[in-house]
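A.B. asks: Quick one: the structure is below, questions incoming.
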Amino acid sequence: MRAYNFNAGPAAIPLPVLEKAQKELVNFQNTGMSVMELSHRSKDYEEVHNRANSLLRELLGIPDTYEVLFLQGGASLQFTMIPMNFLPENKTAHYILSGAWSEKALKEAKLFGETRILASSKEENYTTIPSFSLEGVEEDGAYVHITSNNTIYGTQWNEYPTSPIPLIADMSSDILCKEIDVEKFSLIYAGAQKNLGPSGVTVVIVKKDFLETARTNVPTILSYATHSKNNSLFNTPPTFAIYMLSLVLEWVKEQGGVKSIQKLNEEKAGYIYSAIEESDGFYKGHATKGSRSLMNITFTLPNEELTKKFLQEAKDRNFIGLAGHRSVGGCRASAYNAVPKEACEALANFMKEFKNQHK
Ligand code: PMP
(Lines of atoms letter the chains of each structure in order from A and count residues from 1; the text may use other names and numbers.)
(Lines give C-alpha, C1' and ligand atoms only; values in the text may rest on other atoms or scores of the structure.)
Protein backbone atom coordinates (compact mmCIF):
# COMPACT_ATOMS: atom_id res chain seq x y z
CA MET A 1 0.00 0.00 0.00
CA ARG A 2 1.25 3.52 -0.85
CA ALA A 3 1.63 5.91 2.08
CA TYR A 4 0.07 9.34 2.39
CA ASN A 5 3.46 10.92 1.85
CA PHE A 6 3.85 14.40 3.38
CA ASN A 7 7.66 14.32 3.39
CA ALA A 8 9.41 17.68 2.94
CA GLY A 9 11.98 16.39 0.46
CA PRO A 10 12.79 13.98 -1.01
CA ALA A 11 9.06 13.86 -1.36
CA ALA A 12 6.12 12.25 -3.14
CA ILE A 13 6.47 11.44 -6.83
CA PRO A 14 3.29 10.89 -8.88
CA LEU A 15 2.37 7.20 -8.95
CA PRO A 16 1.87 7.11 -12.76
CA VAL A 17 5.44 8.43 -13.12
CA LEU A 18 6.84 5.68 -10.90
CA GLU A 19 4.83 3.09 -12.80
CA LYS A 20 6.05 4.34 -16.16
CA ALA A 21 9.66 4.29 -14.93
CA GLN A 22 9.09 0.77 -13.62
CA LYS A 23 7.69 -0.37 -16.94
CA GLU A 24 10.60 1.10 -18.86
CA LEU A 25 13.25 0.18 -16.34
CA VAL A 26 15.00 -2.83 -17.87
CA ASN A 27 14.35 -2.02 -21.52
CA PHE A 28 13.97 1.66 -22.27
CA GLN A 29 12.21 2.19 -25.61
CA ASN A 30 13.68 -0.96 -27.14
CA THR A 31 17.25 0.06 -26.50
CA GLY A 32 17.80 -3.24 -24.68
CA MET A 33 18.92 -1.40 -21.56
CA SER A 34 17.72 1.00 -18.89
CA VAL A 35 18.08 4.77 -19.12
CA MET A 36 20.80 4.46 -16.46
CA GLU A 37 22.87 2.31 -18.81
CA LEU A 38 22.66 4.56 -21.86
CA SER A 39 25.63 6.68 -22.85
CA HIS A 40 25.00 10.31 -22.03
CA ARG A 41 26.30 11.03 -25.53
CA SER A 42 23.78 8.71 -27.23
CA LYS A 43 20.88 9.92 -29.30
CA ASP A 44 18.42 8.02 -27.10
CA TYR A 45 19.58 9.84 -23.99
CA GLU A 46 19.83 13.17 -25.77
CA GLU A 47 16.14 12.97 -26.58
CA VAL A 48 15.28 12.49 -22.89
CA HIS A 49 17.56 15.39 -21.93
CA ASN A 50 16.14 17.78 -24.50
CA ARG A 51 12.57 16.74 -23.79
CA ALA A 52 12.98 17.63 -20.10
CA ASN A 53 14.36 21.00 -21.15
CA SER A 54 11.58 21.78 -23.62
CA LEU A 55 8.80 20.60 -21.31
CA LEU A 56 10.03 22.84 -18.50
CA ARG A 57 10.17 25.75 -20.94
CA GLU A 58 6.64 25.07 -22.09
CA LEU A 59 5.17 24.60 -18.60
CA LEU A 60 6.75 27.69 -17.05
CA GLY A 61 6.57 29.86 -20.18
CA ILE A 62 10.34 30.37 -20.24
CA PRO A 63 11.32 32.71 -23.09
CA ASP A 64 14.17 31.96 -25.54
CA THR A 65 16.20 34.67 -23.85
CA TYR A 66 16.78 32.21 -20.99
CA GLU A 67 18.88 29.06 -20.66
CA VAL A 68 17.64 26.00 -18.79
CA LEU A 69 20.45 24.05 -17.13
CA PHE A 70 20.56 20.71 -15.33
CA LEU A 71 23.28 20.75 -12.69
CA GLN A 72 24.36 18.71 -9.69
CA GLY A 73 25.32 19.61 -6.13
CA GLY A 74 21.77 20.45 -5.04
CA ALA A 75 20.38 23.89 -4.36
CA SER A 76 23.20 24.19 -1.81
CA LEU A 77 25.83 24.40 -4.53
CA GLN A 78 23.84 27.25 -6.08
CA PHE A 79 24.32 29.18 -2.83
CA THR A 80 28.03 29.14 -3.75
CA MET A 81 27.92 29.31 -7.55
CA ILE A 82 25.76 32.43 -7.60
CA PRO A 83 28.18 34.74 -5.75
CA MET A 84 31.17 33.02 -7.37
CA ASN A 85 29.83 33.90 -10.82
CA PHE A 86 27.83 37.05 -10.21
CA LEU A 87 29.36 39.00 -7.33
CA PRO A 88 32.20 41.19 -8.61
CA GLU A 89 34.64 42.93 -6.26
CA ASN A 90 33.15 46.41 -6.49
CA LYS A 91 29.54 45.38 -5.88
CA THR A 92 27.24 44.21 -3.10
CA ALA A 93 24.93 41.20 -3.06
CA HIS A 94 21.58 41.91 -1.38
CA TYR A 95 19.83 39.14 0.51
CA ILE A 96 16.28 39.07 1.84
CA LEU A 97 16.17 36.64 4.74
CA SER A 98 12.94 34.70 5.14
CA GLY A 99 14.26 31.51 6.69
CA ALA A 100 17.12 29.12 7.31
CA TRP A 101 17.81 28.47 3.62
CA SER A 102 18.19 32.20 2.87
CA GLU A 103 20.64 32.41 5.78
CA LYS A 104 22.64 29.57 4.28
CA ALA A 105 22.67 31.27 0.89
CA LEU A 106 23.94 34.49 2.48
CA LYS A 107 26.65 32.67 4.42
CA GLU A 108 28.19 31.43 1.17
CA ALA A 109 27.99 34.83 -0.53
CA LYS A 110 29.98 36.35 2.34
CA LEU A 111 32.91 34.19 1.30
CA PHE A 112 33.08 35.92 -2.07
CA GLY A 113 32.42 39.59 -1.46
CA GLU A 114 30.30 42.33 0.04
CA THR A 115 26.80 41.43 1.14
CA ARG A 116 23.91 43.31 2.68
CA ILE A 117 20.78 42.07 4.43
CA LEU A 118 18.03 44.03 2.73
CA ALA A 119 15.30 42.74 5.02
CA SER A 120 14.80 39.91 7.48
CA SER A 121 11.95 38.34 9.44
CA LYS A 122 14.28 36.48 11.79
CA GLU A 123 13.08 38.60 14.74
CA GLU A 124 9.55 37.33 14.06
CA ASN A 125 10.84 33.77 14.05
CA TYR A 126 10.33 33.70 10.29
CA THR A 127 6.54 33.64 10.58
CA THR A 128 6.24 36.01 7.65
CA ILE A 129 7.87 37.23 4.44
CA PRO A 130 9.59 40.47 5.52
CA SER A 131 8.63 43.81 4.06
CA PHE A 132 11.44 45.46 2.14
CA SER A 133 12.35 48.26 -0.20
CA LEU A 134 14.51 47.98 -3.29
CA GLU A 135 15.17 51.70 -3.36
CA GLY A 136 18.80 52.47 -3.96
CA VAL A 137 19.93 48.88 -4.62
CA GLU A 138 21.04 49.82 -8.11
CA GLU A 139 23.81 52.01 -6.67
CA ASP A 140 26.14 49.13 -5.93
CA GLY A 141 23.93 46.05 -6.09
CA ALA A 142 25.03 42.97 -8.03
CA TYR A 143 21.75 41.15 -7.42
CA VAL A 144 18.91 40.62 -4.95
CA HIS A 145 18.48 37.07 -3.64
CA ILE A 146 15.20 35.72 -2.27
CA THR A 147 13.85 32.32 -1.19
CA SER A 148 10.39 32.02 -2.73
CA ASN A 149 9.14 29.34 -0.35
CA ASN A 150 10.52 28.65 3.09
CA THR A 151 10.33 24.89 3.46
CA ILE A 152 11.06 24.85 7.18
CA TYR A 153 8.82 27.71 8.37
CA GLY A 154 6.01 27.26 5.85
CA THR A 155 5.96 30.75 4.37
CA GLN A 156 5.84 31.75 0.71
CA TRP A 157 6.09 34.89 -1.38
CA ASN A 158 2.78 35.85 -2.96
CA GLU A 159 4.02 38.49 -5.31
CA TYR A 160 7.44 39.16 -6.74
CA PRO A 161 8.90 42.63 -7.02
CA THR A 162 10.12 44.21 -10.22
CA SER A 163 13.74 44.74 -9.31
CA PRO A 164 16.04 47.36 -10.83
CA ILE A 165 18.93 44.90 -10.50
CA PRO A 166 18.96 41.15 -11.26
CA LEU A 167 16.54 39.20 -9.06
CA ILE A 168 17.58 35.67 -8.10
CA ALA A 169 15.24 33.17 -6.47
CA ASP A 170 15.70 29.86 -4.75
CA MET A 171 12.47 28.11 -5.78
CA SER A 172 13.49 24.67 -4.53
CA SER A 173 10.29 24.03 -2.67
CA ASP A 174 7.69 25.73 -4.84
CA ILE A 175 8.77 25.64 -8.47
CA LEU A 176 5.82 24.59 -10.67
CA CYS A 177 3.33 24.92 -7.79
CA LYS A 178 1.83 28.08 -9.30
CA GLU A 179 2.19 30.27 -12.32
CA ILE A 180 5.07 32.75 -12.23
CA ASP A 181 6.40 35.48 -14.46
CA VAL A 182 9.87 34.15 -15.27
CA GLU A 183 10.87 37.50 -16.76
CA LYS A 184 10.95 39.11 -13.32
CA PHE A 185 14.01 36.98 -12.58
CA SER A 186 17.55 36.82 -13.89
CA LEU A 187 18.12 33.44 -12.30
CA ILE A 188 15.85 30.82 -10.74
CA TYR A 189 17.15 27.61 -9.20
CA ALA A 190 15.57 24.57 -7.64
CA GLY A 191 16.70 21.20 -6.35
CA ALA A 192 14.43 18.60 -7.95
CA GLN A 193 13.50 16.54 -4.93
CA LYS A 194 10.28 18.34 -3.99
CA ASN A 195 8.21 19.27 -7.03
CA LEU A 196 10.33 18.04 -9.92
CA GLY A 197 11.32 14.44 -9.22
CA PRO A 198 14.06 12.64 -7.35
CA SER A 199 17.14 14.25 -5.83
CA GLY A 200 20.29 14.43 -7.93
CA VAL A 201 19.48 17.16 -10.42
CA THR A 202 19.16 20.91 -9.84
CA VAL A 203 17.34 23.04 -12.37
CA VAL A 204 18.73 26.50 -13.16
CA ILE A 205 16.85 28.98 -15.36
CA VAL A 206 19.11 31.87 -16.22
CA LYS A 207 18.74 34.89 -18.45
CA LYS A 208 21.27 34.86 -21.27
CA ASP A 209 22.28 38.50 -20.97
CA PHE A 210 22.83 38.05 -17.22
CA LEU A 211 24.99 35.03 -17.98
CA GLU A 212 27.19 37.24 -20.12
CA THR A 213 28.01 39.39 -17.09
CA ALA A 214 29.42 36.42 -15.12
CA ARG A 215 32.99 36.42 -13.87
CA THR A 216 35.40 34.40 -15.95
CA ASN A 217 37.94 33.48 -13.26
CA VAL A 218 35.73 30.69 -11.97
CA PRO A 219 36.66 26.97 -11.89
CA THR A 220 35.35 25.37 -15.10
CA ILE A 221 32.79 23.06 -13.50
CA LEU A 222 31.43 25.89 -11.30
CA SER A 223 30.96 28.33 -14.16
CA TYR A 224 27.43 28.61 -15.54
CA ALA A 225 28.91 29.42 -18.94
CA THR A 226 30.48 25.95 -19.11
CA HIS A 227 27.12 24.24 -18.69
CA SER A 228 25.31 26.67 -20.92
CA LYS A 229 27.78 26.19 -23.78
CA ASN A 230 27.46 22.42 -23.49
CA ASN A 231 23.69 22.00 -23.09
CA SER A 232 24.36 20.68 -19.54
CA LEU A 233 26.46 17.89 -21.05
CA PHE A 234 29.92 19.22 -20.19
CA ASN A 235 30.44 16.16 -18.02
CA THR A 236 28.20 13.20 -17.21
CA PRO A 237 24.85 14.57 -16.03
CA PRO A 238 22.60 12.70 -13.56
CA THR A 239 20.86 10.91 -16.44
CA PHE A 240 18.33 8.91 -14.45
CA ALA A 241 17.25 11.94 -12.38
CA ILE A 242 16.79 13.95 -15.60
CA TYR A 243 14.76 11.09 -17.10
CA MET A 244 12.53 11.10 -13.99
CA LEU A 245 12.25 14.88 -14.27
CA SER A 246 11.03 14.50 -17.87
CA LEU A 247 8.35 12.03 -16.71
CA VAL A 248 7.22 14.35 -13.90
CA LEU A 249 6.99 17.26 -16.35
CA GLU A 250 4.95 15.13 -18.75
CA TRP A 251 2.63 14.31 -15.85
CA VAL A 252 2.24 18.00 -14.97
CA LYS A 253 1.32 18.66 -18.59
CA GLU A 254 -1.25 15.85 -18.50
CA GLN A 255 -2.80 17.43 -15.40
CA GLY A 256 -3.50 20.53 -17.49
CA GLY A 257 -0.26 22.38 -16.77
CA VAL A 258 0.76 24.70 -13.97
CA LYS A 259 -2.52 26.63 -13.91
CA SER A 260 -4.54 23.49 -13.10
CA ILE A 261 -1.91 22.30 -10.63
CA GLN A 262 -2.10 25.68 -8.86
CA LYS A 263 -5.86 25.41 -8.49
CA LEU A 264 -5.50 21.93 -7.08
CA ASN A 265 -2.74 23.05 -4.70
CA GLU A 266 -4.98 25.83 -3.40
CA GLU A 267 -7.70 23.30 -2.70
CA LYS A 268 -5.28 20.85 -1.08
CA ALA A 269 -3.65 23.39 1.25
CA GLY A 270 -7.14 24.82 1.88
CA TYR A 271 -8.31 21.58 3.52
CA ILE A 272 -5.43 21.61 5.98
CA TYR A 273 -5.48 25.35 6.73
CA SER A 274 -9.24 25.07 7.36
CA ALA A 275 -8.63 22.24 9.83
CA ILE A 276 -6.20 24.57 11.64
CA GLU A 277 -8.52 27.57 11.56
CA GLU A 278 -11.60 25.68 12.64
CA SER A 279 -9.86 24.03 15.62
CA ASP A 280 -10.60 26.79 18.17
CA GLY A 281 -6.89 27.29 18.69
CA PHE A 282 -6.05 23.60 19.21
CA TYR A 283 -3.81 23.79 16.16
CA LYS A 284 -1.83 26.99 15.64
CA GLY A 285 -0.40 27.83 12.25
CA HIS A 286 3.21 29.06 12.31
CA ALA A 287 2.90 31.38 9.31
CA THR A 288 0.93 34.62 9.36
CA LYS A 289 -2.06 34.44 7.05
CA GLY A 290 -0.68 36.63 4.29
CA SER A 291 2.55 34.60 4.06
CA ARG A 292 1.19 31.07 4.25
CA SER A 293 2.76 28.49 1.98
CA LEU A 294 0.80 26.34 -0.44
CA MET A 295 3.48 23.70 -0.17
CA ASN A 296 4.58 23.39 3.47
CA ILE A 297 1.85 23.77 6.07
CA THR A 298 3.36 24.24 9.53
CA PHE A 299 1.44 24.07 12.80
CA THR A 300 1.77 23.26 16.46
CA LEU A 301 -0.43 21.44 18.99
CA PRO A 302 -1.02 22.60 22.60
CA ASN A 303 1.97 20.70 24.01
CA GLU A 304 4.80 18.29 23.34
CA GLU A 305 2.89 15.26 24.61
CA LEU A 306 -0.05 15.83 22.27
CA THR A 307 2.31 16.49 19.38
CA LYS A 308 3.96 13.12 19.95
CA LYS A 309 0.61 11.38 20.21
CA PHE A 310 -0.63 13.12 17.06
CA LEU A 311 2.43 12.06 15.08
CA GLN A 312 2.18 8.47 16.30
CA GLU A 313 -1.53 8.14 15.54
CA ALA A 314 -1.00 9.79 12.17
CA LYS A 315 1.71 7.27 11.39
CA ASP A 316 -0.55 4.40 12.42
CA ARG A 317 -3.01 5.66 9.82
CA ASN A 318 -0.38 5.84 7.11
CA PHE A 319 0.28 9.63 7.20
CA ILE A 320 4.05 9.88 6.85
CA GLY A 321 6.47 12.79 7.22
CA LEU A 322 4.41 15.10 9.45
CA ALA A 323 7.06 15.96 12.06
CA GLY A 324 8.24 19.58 11.83
CA HIS A 325 11.84 20.32 10.88
CA ARG A 326 14.22 19.44 13.70
CA SER A 327 15.08 23.13 14.18
CA VAL A 328 11.47 24.30 14.80
CA GLY A 329 9.52 21.26 16.04
CA GLY A 330 5.73 21.00 15.81
CA CYS A 331 4.22 19.56 12.65
CA ARG A 332 4.61 20.17 8.96
CA ALA A 333 2.55 18.76 6.12
CA SER A 334 4.31 19.15 2.78
CA ALA A 335 1.63 19.02 0.12
CA TYR A 336 3.76 19.20 -3.02
CA ASN A 337 2.30 18.79 -6.52
CA ALA A 338 2.43 14.98 -6.39
CA VAL A 339 0.54 14.68 -3.10
CA PRO A 340 -3.02 13.72 -4.09
CA LYS A 341 -6.01 15.78 -3.02
CA GLU A 342 -7.43 12.71 -1.24
CA ALA A 343 -4.36 12.61 1.03
CA CYS A 344 -4.88 16.24 2.10
CA GLU A 345 -8.58 15.72 2.63
CA ALA A 346 -7.90 12.60 4.70
CA LEU A 347 -5.30 14.45 6.78
CA ALA A 348 -7.69 17.33 7.45
CA ASN A 349 -10.34 14.84 8.60
CA PHE A 350 -7.86 13.09 10.87
CA MET A 351 -6.82 16.45 12.35
CA LYS A 352 -10.45 17.26 13.15
CA GLU A 353 -11.01 13.87 14.71
CA PHE A 354 -7.87 14.12 16.83
CA LYS A 355 -8.82 17.58 18.01
CA ASN A 356 -12.31 16.44 19.02
CA GLN A 357 -10.80 13.62 21.07
CA HIS A 358 -8.21 15.74 22.86
CA LYS A 359 -9.61 19.25 23.11
N1 PMP B 1 16.61 25.73 -0.49
C2 PMP B 1 15.42 25.33 -0.02
C3 PMP B 1 14.28 26.29 -0.02
C4 PMP B 1 15.28 24.02 0.47
O5 PMP B 1 14.10 23.62 0.94
C6 PMP B 1 16.40 23.15 0.43
C7 PMP B 1 16.30 21.71 0.88
N8 PMP B 1 15.33 21.36 1.73
C9 PMP B 1 17.61 23.63 -0.02
C10 PMP B 1 17.68 24.92 -0.51
C11 PMP B 1 18.83 22.76 -0.07
O12 PMP B 1 18.69 21.88 -1.11
P13 PMP B 1 19.72 20.71 -1.43
O14 PMP B 1 19.55 19.69 -0.35
O15 PMP B 1 19.26 20.25 -2.77
O16 PMP B 1 21.08 21.28 -1.45
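Counting starts with 1 at the first residue shown.
Each residue, glycine too, has its Cβ placed from N, Cα and C.
Automatic, uncurated: that is what TrEMBL annotation is.
So TrEMBL says this about it:
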DOMAIN    4-346  domain 'Aminotransferase class V'
BINDING   R41  L-glutamate binding site
BINDING   A75, S76, W101, T151, D170, Q193, N235, T236  pyridoxal 5'-phosphate binding site
MOD_RES   K194  N6-(pyridoxal phosphate)lysine
A.B. asks: Where the criterion is a Cβ under 6 Å from an atom of ligand 1, which of the binding-site residues R41, T151, N235, T236 meet it?
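C.D. replies: Correct list: T151.
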A.B. asks: Radius 10 Å, atoms counted are CB only; among the recorded positions S76, W101, K194, which position scores highest?
C.D. replies: K194
A.B. asks: What number of additional C-beta atoms lies within 10 angstroms of the C-beta atom of T151 (pyridoxal 5'-phosphate binding site)?
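C.D. replies: The Cβ of T151 (pyridoxal 5'-phosphate binding site) has 25 Cβ neighbours within 10 Å.
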A.B. asks: If I restrict to non-local contacts, at least six residues apart, and a C-beta distance under 8 angstroms, what lies near Q193 (pyridoxal 5'-phosphate binding site) in its own chain?
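C.D. replies: Sequence-distant Cβ neighbours: G9, P10, A11, S199, G200.
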A.B. asks: Restricting to the domain 'Aminotransferase class V' (4-346), what is the model's mean pLDDT?
C.D. replies: 98
A.B. asks: Based on DSSP, name the secondary structure state of T236 (pyridoxal 5'-phosphate binding site): helix, strand or coil.
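C.D. replies: Looking at the DSSP assignment, T236 (pyridoxal 5'-phosphate binding site) belongs to neither helix nor strand, so coil.
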A.B. asks: Going by Cα-Cα distance, which of the recorded positions (A75, W101, T151, K194, T236) sits nearest to R41 (L-glutamate binding site)?
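C.D. replies: Looking at Cα distances from R41 (L-glutamate binding site), the smallest one goes to T236.
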A.B. asks: Where does T151 (pyridoxal 5'-phosphate binding site) sit by DSSP, helix, strand or coil?
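C.D. replies: DSSP call for T151 (pyridoxal 5'-phosphate binding site): coil, neither helix nor strand.
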A.B. asks: Sort out the sequence-distant neighbours of N235 (pyridoxal 5'-phosphate binding site) for me: same chain, 6+ apart, CB within less than 8 Å of its CB, listed by position.
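C.D. replies: Expected: I221.
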A.B. asks: May I ask for the distance between S76 (pyridoxal 5'-phosphate binding site) and K194 (N6-(pyridoxal phosphate)lysine), taken between their Cα atoms and rounded to an integer number of Å?
C.D. replies: 14
